[in-house]
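J.: Pasting a structure here, questions to come.
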Amino acid sequence: MLKIGDKQFESRLFTGTGKFANSRLMAEAIQVSGSQLATMALKRVDVNDQQDDILLPLVQAGVNLLPNTSGAKNAKDAVFAAQLAREALGTNWLKLEIHPDPKYLMPDPIETLSAAEQLVREGFIVLPYCHADPVLCKRLEEVGCAAVMPLGAPIGSNKGIVSHDFLEIIIDQANVPVVVDAGIGSPSHAARAMEMGADAVLVNTAIAASNDPVAMAKAFKLAVESGRMAYEAGLACKVSHAVASSPLTSFLDEL
């Protein structure tokens, strides 16, 4: 069981709501994935419409909502968006995203830390999207973030765990859950993150942009479960030389 803030999750696969062909497909894929937490940009939902085609199916399925501040270019924008989200959706959970560069969508570490400090003081449960920077992740933890969400690779790139070495350090030193977010392009990438000891992964593009999002969601569900199981079982140590699994040298010497 994964605990973040005041909630517990059986599923360690978190999902996004963007890039799906339609809301029906989004809802079906998220349901099949088993995900209990889905993020959405406030700008994509009509919070005044109880029948909003993104919000309604998630609420009906009992999926926890994680509004994000996508589109914010600085801390001021992010704090304002967070306050709107809390008022509109009735949740103090927030995925903090600040990426001023629209081409590469790299998170701004300085503005992210500044916004995180203020939002924590205002009572938000903050999950910041950030670079795979061990120092930054530790600082975000120290200011009170409920989890950290370092990137595996740039958003939507599907390149996988390119920040592997830094993620290992972050996971090793963290006292809050580590959710690998962005760049995960295949179920094997998700399994790898879980095998490293990540507490969860967040996947959107790899599911939504696949030829069969529902089947891909199921594949990610199984990958996350198997990766976590492998981590808990304890992976065999890597060695630089061969070690025979069934040595028969003494037997052969007797022939």
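Keep in mind that glycine also has a Cβ here, set from the backbone N, Cα and C atoms.
Sharing the feature lines straight out of Swiss-Prot:
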type     : residues                               : note
ACT_SITE : LYS95                                  : active site, schiff-base intermediate with DXP
BINDING  : GLY156, ALA182, GLY183, ASN204, THR205 : 1-deoxy-D-xylulose 5-phosphate binding site
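A description of the local structural setting of each listed feature is requested, covering burial, neighbours and distances.
T.: If you draw a 10 Å sphere around the CB of LYS95 (active site, schiff-base intermediate with DXP), it holds 26 other CB atoms from the protein chains shown.
The 10 Å shell around the Cβ of GLY156 (1-deoxy-D-xylulose 5-phosphate binding site) contains 17 further Cβ atoms across the protein chains shown.
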J.: Based on DSSP, name the secondary structure state of LYS95 (active site, schiff-base intermediate with DXP): helix, strand or coil.
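T.: Reduced to three states, the DSSP call for LYS95 (active site, schiff-base intermediate with DXP) is strand.
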J.: Which are the residues of the chain, GLY156, ALA182, GLY183, ASN204, THR205 excluded, whose CB is within 8 A of where the CB atoms of the 1-deoxy-D-xylulose 5-phosphate site average out, their centroid?
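T.: Near the 1-deoxy-D-xylulose 5-phosphate site, beyond GLY156, ALA182, GLY183, ASN204, THR205, sit GLY16, ALA153, PRO154, ILE155, SER157, ASN158, ASP181, ILE184, GLY185, VAL203, ALA206.
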J.: Would you find the one among the binding-site residues ASN204, THR205 whose Cβ has the most company, meaning other Cβ atoms within 10 Å?
T.: ASN204
